[in-house]
Amino acid sequence: MDHEADAYRTDLMTITRYVLNEQSRNPEARGDLTILLSHIVLGCKFVASAVNKAGLAKLIGLAGETNVQGEEQKKLDVLSNEVFVKALVSSGRTCVLVSEEDEEATFVDPALRGKYCVCFDPLDGSSNIDCGVSIGTIFGIYMIKDKDNVTLEDVLQPGKNMVAAGYCMYGSSCTLVLSTGNGVNGFTLDPSLGEFILTHPDIKIPKKGKIYSVNEGNAKNWDEPTAKFVEKCKFPKDGSSPKSLRYIGSMVADVHRTLLYGGVFLYPADKKSPNGKLRVLYEVFPMSFLMEQAGGQSFTGKERALDLVPTKIHERSPIFLGSFEDVEEIKGLYAAQAKLEHNH
(Lines of atoms letter the chains of each structure in order from A and count residues from 1; the text may use other names and numbers.)
(Lines give C-alpha, C1' and ligand atoms only; values in the text may rest on other atoms or scores of the structure.)
Protein backbone atom coordinates (compact mmCIF):
# COMPACT_ATOMS: atom_id res chain seq x y z
CA MET A 1 0.00 0.00 0.00
CA ASP A 2 1.57 3.29 -1.00
CA HIS A 3 2.00 5.86 1.71
CA GLU A 4 0.14 8.69 0.00
CA ALA A 5 -3.05 6.70 -0.52
CA ASP A 6 -2.83 5.53 3.05
CA ALA A 7 -2.47 9.07 4.37
CA TYR A 8 -5.53 10.08 2.39
CA ARG A 9 -7.54 7.17 3.74
CA THR A 10 -6.65 7.95 7.33
CA ASP A 11 -7.48 11.66 7.14
CA LEU A 12 -11.21 11.59 7.76
CA MET A 13 -13.30 14.70 7.24
CA THR A 14 -16.22 13.95 9.53
CA ILE A 15 -19.30 16.14 9.58
CA THR A 16 -18.33 17.40 13.06
CA ARG A 17 -14.90 18.43 11.84
CA TYR A 18 -16.41 20.07 8.77
CA VAL A 19 -18.91 22.10 10.81
CA LEU A 20 -16.18 23.14 13.29
CA ASN A 21 -14.03 24.30 10.36
CA GLU A 22 -16.94 26.38 9.06
CA GLN A 23 -17.41 27.81 12.54
CA SER A 24 -13.77 28.88 12.81
CA ARG A 25 -14.13 30.91 9.59
CA ASN A 26 -16.68 33.07 11.37
CA PRO A 27 -14.92 35.04 14.14
CA GLU A 28 -18.10 35.89 16.08
CA ALA A 29 -19.42 32.32 16.08
CA ARG A 30 -20.13 30.95 19.55
CA GLY A 31 -20.45 27.31 18.53
CA ASP A 32 -24.21 27.25 19.05
CA LEU A 33 -25.03 26.18 15.50
CA THR A 34 -22.30 23.53 15.70
CA ILE A 35 -23.86 22.08 18.86
CA LEU A 36 -27.35 22.19 17.33
CA LEU A 37 -26.18 20.44 14.16
CA SER A 38 -24.46 17.71 16.15
CA HIS A 39 -27.80 16.98 17.87
CA ILE A 40 -29.53 16.80 14.48
CA VAL A 41 -26.81 14.40 13.29
CA LEU A 42 -27.42 12.21 16.34
CA GLY A 43 -31.14 12.12 15.52
CA CYS A 44 -30.33 11.09 11.95
CA LYS A 45 -28.09 8.24 13.15
CA PHE A 46 -30.84 6.98 15.43
CA VAL A 47 -33.43 7.06 12.66
CA ALA A 48 -31.01 5.41 10.21
CA SER A 49 -30.62 2.56 12.64
CA ALA A 50 -34.38 2.26 13.22
CA VAL A 51 -35.16 2.37 9.49
CA ASN A 52 -32.61 -0.39 8.97
CA LYS A 53 -34.77 -2.49 11.26
CA ALA A 54 -32.39 -2.60 14.22
CA GLY A 55 -34.00 -4.57 17.02
CA LEU A 56 -36.37 -6.31 14.63
CA ALA A 57 -35.83 -9.74 16.17
CA LYS A 58 -36.94 -8.57 19.63
CA LEU A 59 -40.08 -7.23 18.06
CA ILE A 60 -41.07 -10.27 16.04
CA GLY A 61 -40.02 -12.76 18.71
CA LEU A 62 -38.65 -16.21 17.94
CA ALA A 63 -41.95 -17.80 16.99
CA GLY A 64 -42.60 -15.16 14.38
CA GLU A 65 -45.60 -13.51 16.02
CA THR A 66 -45.36 -9.93 17.13
CA ASN A 67 -44.10 -9.69 20.68
CA VAL A 68 -47.28 -9.35 22.74
CA GLN A 69 -45.70 -8.51 26.10
CA GLY A 70 -43.51 -5.79 24.61
CA GLU A 71 -44.94 -2.41 23.78
CA GLU A 72 -46.64 -2.32 20.44
CA GLN A 73 -44.12 -1.17 17.86
CA LYS A 74 -44.26 2.57 17.50
CA LYS A 75 -44.76 3.74 13.97
CA LEU A 76 -41.37 4.78 12.65
CA ASP A 77 -42.48 8.31 11.84
CA VAL A 78 -43.83 8.85 15.36
CA LEU A 79 -40.66 7.38 16.87
CA SER A 80 -38.45 9.54 14.64
CA ASN A 81 -40.40 12.63 15.62
CA GLU A 82 -39.95 11.94 19.34
CA VAL A 83 -36.23 11.37 18.86
CA PHE A 84 -35.75 14.67 17.00
CA VAL A 85 -37.89 16.71 19.39
CA LYS A 86 -35.95 15.37 22.39
CA ALA A 87 -32.56 15.83 20.71
CA LEU A 88 -33.37 19.39 19.65
CA VAL A 89 -34.79 20.45 23.01
CA SER A 90 -31.91 18.90 24.97
CA SER A 91 -29.35 20.71 22.79
CA GLY A 92 -30.30 23.89 24.69
CA ARG A 93 -29.97 25.81 21.41
CA THR A 94 -33.60 25.96 20.24
CA CYS A 95 -36.58 28.01 21.39
CA VAL A 96 -39.28 26.79 19.01
CA LEU A 97 -39.73 23.68 16.84
CA VAL A 98 -42.07 22.99 13.94
CA SER A 99 -42.53 19.34 12.96
CA GLU A 100 -44.61 17.84 10.18
CA GLU A 101 -45.91 15.37 12.78
CA ASP A 102 -47.19 17.97 15.26
CA GLU A 103 -50.13 20.22 14.56
CA GLU A 104 -48.86 22.97 16.86
CA ALA A 105 -45.39 24.44 17.14
CA THR A 106 -43.43 23.29 20.21
CA PHE A 107 -42.16 26.11 22.43
CA VAL A 108 -39.14 25.04 24.42
CA ASP A 109 -39.09 25.37 28.21
CA PRO A 110 -37.48 28.80 28.97
CA ALA A 111 -34.65 27.19 30.99
CA LEU A 112 -33.51 25.24 27.90
CA ARG A 113 -33.96 27.95 25.30
CA GLY A 114 -31.44 28.96 22.67
CA LYS A 115 -31.64 31.30 19.69
CA TYR A 116 -32.66 28.89 16.92
CA CYS A 117 -35.88 27.65 15.41
CA VAL A 118 -35.82 24.27 13.64
CA CYS A 119 -38.50 23.23 11.14
CA PHE A 120 -38.32 19.58 10.18
CA ASP A 121 -40.05 16.59 8.67
CA PRO A 122 -38.73 13.69 10.77
CA LEU A 123 -39.50 10.98 8.20
CA ASP A 124 -40.52 12.25 4.79
CA GLY A 125 -42.00 9.63 2.48
CA SER A 126 -42.76 7.29 5.39
CA SER A 127 -45.63 5.72 3.44
CA ASN A 128 -42.85 4.14 1.36
CA ILE A 129 -41.22 2.28 4.27
CA ASP A 130 -42.82 -1.08 3.60
CA CYS A 131 -41.66 -1.31 -0.01
CA GLY A 132 -38.04 -0.39 0.67
CA VAL A 133 -38.02 2.96 -1.11
CA SER A 134 -35.60 5.59 0.21
CA ILE A 135 -37.04 7.95 2.81
CA GLY A 136 -35.47 10.83 4.67
CA THR A 137 -35.42 13.61 7.24
CA ILE A 138 -35.56 17.26 6.09
CA PHE A 139 -34.66 20.26 8.26
CA GLY A 140 -34.28 24.03 8.10
CA ILE A 141 -32.78 26.27 10.80
CA TYR A 142 -33.60 29.93 11.52
CA MET A 143 -32.33 32.48 13.96
CA ILE A 144 -34.91 33.94 16.37
CA LYS A 145 -34.37 37.56 17.44
CA ASP A 146 -35.73 37.36 20.98
CA LYS A 147 -35.73 33.83 22.35
CA ASP A 148 -37.42 34.81 25.61
CA ASN A 149 -40.46 36.28 23.88
CA VAL A 150 -40.68 34.01 20.87
CA THR A 151 -44.08 33.86 19.14
CA LEU A 152 -45.49 32.00 16.15
CA GLU A 153 -44.86 35.14 14.07
CA ASP A 154 -41.10 34.62 14.54
CA VAL A 155 -41.36 31.22 12.86
CA LEU A 156 -43.09 32.53 9.74
CA GLN A 157 -39.99 33.90 8.05
CA PRO A 158 -39.14 33.70 4.36
CA GLY A 159 -36.80 30.86 3.39
CA LYS A 160 -34.00 33.26 2.48
CA ASN A 161 -33.55 33.93 6.23
CA MET A 162 -32.48 30.34 6.90
CA VAL A 163 -29.00 29.92 8.38
CA ALA A 164 -28.73 26.22 7.52
CA ALA A 165 -30.71 23.46 5.87
CA GLY A 166 -30.27 19.85 4.95
CA TYR A 167 -31.71 16.40 4.59
CA CYS A 168 -30.65 12.90 5.51
CA MET A 169 -31.60 10.11 3.13
CA TYR A 170 -31.97 6.58 4.44
CA GLY A 171 -31.41 4.40 1.38
CA SER A 172 -28.86 1.91 0.13
CA SER A 173 -26.50 4.08 2.16
CA CYS A 174 -27.29 6.85 4.62
CA THR A 175 -26.41 10.25 3.15
CA LEU A 176 -26.62 13.63 4.87
CA VAL A 177 -26.61 16.72 2.64
CA LEU A 178 -25.99 20.02 4.40
CA SER A 179 -25.58 23.71 3.70
CA THR A 180 -24.71 26.38 6.23
CA GLY A 181 -25.03 29.08 3.58
CA ASN A 182 -21.64 28.43 2.04
CA GLY A 183 -22.19 25.79 -0.64
CA VAL A 184 -23.55 22.26 -0.28
CA ASN A 185 -21.71 19.19 1.03
CA GLY A 186 -22.72 15.55 1.20
CA PHE A 187 -21.68 13.11 3.94
CA THR A 188 -22.15 9.36 4.05
CA LEU A 189 -22.60 7.36 7.25
CA ASP A 190 -19.80 4.84 7.69
CA PRO A 191 -21.60 2.22 9.79
CA SER A 192 -18.39 0.70 11.14
CA LEU A 193 -17.35 4.07 12.61
CA GLY A 194 -20.80 5.51 13.23
CA GLU A 195 -19.52 8.71 11.63
CA PHE A 196 -20.69 10.78 8.69
CA ILE A 197 -17.71 11.19 6.33
CA LEU A 198 -17.46 13.87 3.62
CA THR A 199 -18.02 12.02 0.33
CA HIS A 200 -19.56 14.72 -1.87
CA PRO A 201 -17.63 17.96 -1.32
CA ASP A 202 -19.05 21.18 -2.79
CA ILE A 203 -22.00 19.74 -4.74
CA LYS A 204 -22.90 21.77 -7.83
CA ILE A 205 -26.00 20.92 -9.85
CA PRO A 206 -25.49 20.80 -13.65
CA LYS A 207 -26.72 23.97 -15.42
CA LYS A 208 -29.16 21.92 -17.46
CA GLY A 209 -30.39 18.37 -16.93
CA LYS A 210 -31.81 15.50 -18.94
CA ILE A 211 -34.38 14.38 -16.36
CA TYR A 212 -37.79 15.66 -15.29
CA SER A 213 -39.48 14.38 -12.15
CA VAL A 214 -43.21 14.77 -11.54
CA ASN A 215 -46.28 12.69 -10.73
CA GLU A 216 -47.85 12.45 -14.19
CA GLY A 217 -50.90 10.79 -12.69
CA ASN A 218 -52.07 14.31 -11.83
CA ALA A 219 -51.76 15.57 -15.42
CA LYS A 220 -55.47 16.08 -16.02
CA ASN A 221 -55.59 18.64 -13.21
CA TRP A 222 -52.46 20.61 -14.14
CA ASP A 223 -52.34 24.27 -15.10
CA GLU A 224 -51.27 25.34 -18.58
CA PRO A 225 -47.56 26.14 -17.93
CA THR A 226 -46.94 22.80 -16.18
CA ALA A 227 -48.65 20.87 -18.98
CA LYS A 228 -46.66 22.79 -21.61
CA PHE A 229 -43.36 22.18 -19.86
CA VAL A 230 -43.91 18.43 -19.50
CA GLU A 231 -45.04 18.27 -23.13
CA LYS A 232 -41.76 19.98 -24.12
CA CYS A 233 -39.80 17.47 -22.04
CA LYS A 234 -41.39 14.59 -23.95
CA PHE A 235 -41.73 16.12 -27.43
CA PRO A 236 -39.00 18.75 -27.81
CA LYS A 237 -39.61 21.08 -30.77
CA ASP A 238 -35.94 22.00 -31.23
CA GLY A 239 -34.73 18.59 -32.36
CA SER A 240 -33.08 17.74 -29.03
CA SER A 241 -33.63 14.37 -27.32
CA PRO A 242 -36.62 14.01 -25.00
CA LYS A 243 -35.91 14.13 -21.27
CA SER A 244 -36.15 10.97 -19.16
CA LEU A 245 -38.84 10.72 -16.51
CA ARG A 246 -37.72 9.66 -13.02
CA TYR A 247 -40.22 9.84 -10.17
CA ILE A 248 -39.77 7.93 -6.94
CA GLY A 249 -42.51 9.64 -4.94
CA SER A 250 -40.27 10.26 -1.96
CA MET A 251 -39.24 13.93 -2.02
CA VAL A 252 -35.83 13.40 -0.44
CA ALA A 253 -34.87 10.72 -2.96
CA ASP A 254 -36.18 12.70 -5.96
CA VAL A 255 -34.46 15.92 -4.88
CA HIS A 256 -31.23 14.07 -4.07
CA ARG A 257 -31.08 12.63 -7.57
CA THR A 258 -31.92 16.04 -9.06
CA LEU A 259 -29.13 17.68 -7.07
CA LEU A 260 -26.50 15.16 -8.16
CA TYR A 261 -27.53 14.50 -11.77
CA GLY A 262 -29.35 17.70 -12.70
CA GLY A 263 -32.81 18.12 -14.17
CA VAL A 264 -35.95 19.41 -12.56
CA PHE A 265 -38.31 18.24 -9.81
CA LEU A 266 -41.83 19.61 -9.83
CA TYR A 267 -44.85 19.33 -7.58
CA PRO A 268 -47.18 21.83 -9.22
CA ALA A 269 -50.53 23.18 -8.09
CA ASP A 270 -53.51 21.42 -9.63
CA LYS A 271 -57.30 21.60 -9.46
CA LYS A 272 -57.39 19.26 -6.47
CA SER A 273 -54.53 20.95 -4.60
CA PRO A 274 -54.55 24.62 -5.65
CA ASN A 275 -51.55 25.29 -3.38
CA GLY A 276 -49.66 22.18 -4.35
CA LYS A 277 -49.00 19.52 -1.78
CA LEU A 278 -45.54 20.08 -0.33
CA ARG A 279 -45.21 22.06 2.89
CA VAL A 280 -43.35 25.36 2.81
CA LEU A 281 -41.41 25.36 6.10
CA TYR A 282 -39.93 21.88 6.16
CA GLU A 283 -40.04 20.63 2.55
CA VAL A 284 -40.04 23.53 0.07
CA PHE A 285 -37.72 25.93 1.95
CA PRO A 286 -34.87 23.57 2.93
CA MET A 287 -34.76 21.94 -0.52
CA SER A 288 -34.91 25.34 -2.25
CA PHE A 289 -32.09 26.62 -0.02
CA LEU A 290 -29.92 23.63 -0.97
CA MET A 291 -30.74 24.01 -4.68
CA GLU A 292 -29.76 27.69 -4.72
CA GLN A 293 -26.59 26.97 -2.74
CA ALA A 294 -25.69 24.34 -5.36
CA GLY A 295 -26.21 26.78 -8.24
CA GLY A 296 -29.73 25.75 -9.20
CA GLN A 297 -32.96 27.61 -8.59
CA SER A 298 -36.39 27.16 -7.13
CA PHE A 299 -39.70 28.73 -8.15
CA THR A 300 -43.29 28.54 -6.87
CA GLY A 301 -45.04 29.42 -10.12
CA LYS A 302 -45.24 33.01 -8.87
CA GLU A 303 -41.94 33.91 -7.25
CA ARG A 304 -38.55 32.69 -6.08
CA ALA A 305 -39.43 30.05 -3.49
CA LEU A 306 -37.15 31.50 -0.78
CA ASP A 307 -38.92 34.89 -1.01
CA LEU A 308 -42.26 33.39 -0.02
CA VAL A 309 -43.51 34.55 3.39
CA PRO A 310 -45.65 31.82 4.98
CA THR A 311 -48.76 32.76 6.96
CA LYS A 312 -49.20 29.45 8.82
CA ILE A 313 -46.81 26.72 9.88
CA HIS A 314 -48.17 23.89 7.73
CA GLU A 315 -48.75 26.04 4.65
CA ARG A 316 -48.29 24.42 1.24
CA SER A 317 -46.86 25.72 -2.01
CA PRO A 318 -46.33 24.54 -5.57
CA ILE A 319 -42.64 24.00 -6.31
CA PHE A 320 -40.34 23.73 -9.33
CA LEU A 321 -36.69 23.20 -8.45
CA GLY A 322 -33.48 21.99 -10.05
CA SER A 323 -31.04 22.94 -12.79
CA PHE A 324 -30.84 26.68 -13.44
CA GLU A 325 -31.78 26.60 -17.13
CA ASP A 326 -34.63 24.12 -16.70
CA VAL A 327 -36.28 26.21 -13.98
CA GLU A 328 -35.63 29.33 -16.09
CA GLU A 329 -37.70 27.71 -18.85
CA ILE A 330 -40.58 27.05 -16.44
CA LYS A 331 -40.41 30.67 -15.23
CA GLY A 332 -40.71 31.76 -18.87
CA LEU A 333 -43.84 29.68 -19.37
CA TYR A 334 -45.47 31.17 -16.25
CA ALA A 335 -44.51 34.70 -17.33
CA ALA A 336 -46.06 34.12 -20.77
CA GLN A 337 -49.25 32.78 -19.16
CA ALA A 338 -49.48 35.80 -16.82
CA LYS A 339 -49.04 38.17 -19.76
CA LEU A 340 -51.77 36.36 -21.68
CA GLU A 341 -54.19 36.61 -18.75
CA HIS A 342 -53.31 40.27 -18.27
CA ASN A 343 -54.13 41.05 -21.90
CA HIS A 344 -57.47 39.29 -21.62
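Backbone N, Cα and C define each Cβ position, glycine as well.
Remember, predicted model here, so these are calculated numbers, not experimental data.
Under the heading Mg(2+) 1 binding site, Swiss-Prot lists Glu71, Glu100. The Cβ neighbour count for Glu100 (Mg(2+) 1 binding site), using a 10 Å radius and every protein chain shown, is 20.
Leu123 (Mg(2+) 2 binding site): 28 other CB atoms within 10 A of its CB, across all protein chains. Per Swiss-Prot, the feature Mg(2+) 2 binding site maps to Glu100, Asp121, Leu123; the stated evidence is similarity to another entry.
If you look up Swiss-Prot, you'll see Asp121, Asp124, Glu283 marked as Mg(2+) 3 binding site. Asp124 (Mg(2+) 3 binding site) falls within a strand when secondary structure is assigned with DSSP.
The substrate binding site feature in Swiss-Prot is assigned to Asp124, Gly125, Ser126, Ser127, Asn215, Tyr247, Tyr267, Lys277. Long-range C-beta contacts of Ser126 (substrate binding site), restricted to its own chain and to partners at least six residues apart, with a cutoff below 8 Å, comprise Lys75, Leu76, Asp77, Ile135.
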Which one is closest to Lys277 (substrate binding site) in space, judged by CA to CA distance, out of the binding-site residues Glu100, Asp121, Leu123, Asp124, Glu283?
Glu283
Could you tell me which of these binding-site residues, Asp124, Gly125, Ser127, has the fewest other Cβ atoms within 10 Å of its Cβ?
Ser127
Can you tell which of the binding-site residues Glu100, Asn215, Tyr247, Tyr267 lies nearest to Asp124 (Mg(2+) 3 binding site) in space, using Cα positions?
Glu100
Of the binding-site residues Glu100, Asp121, Leu123, Glu283, which sits closest to Tyr267 (substrate binding site) by Cα distance?
Glu283
Would you mind pulling the DSSP three-state label for Tyr247 (substrate binding site)?
coil
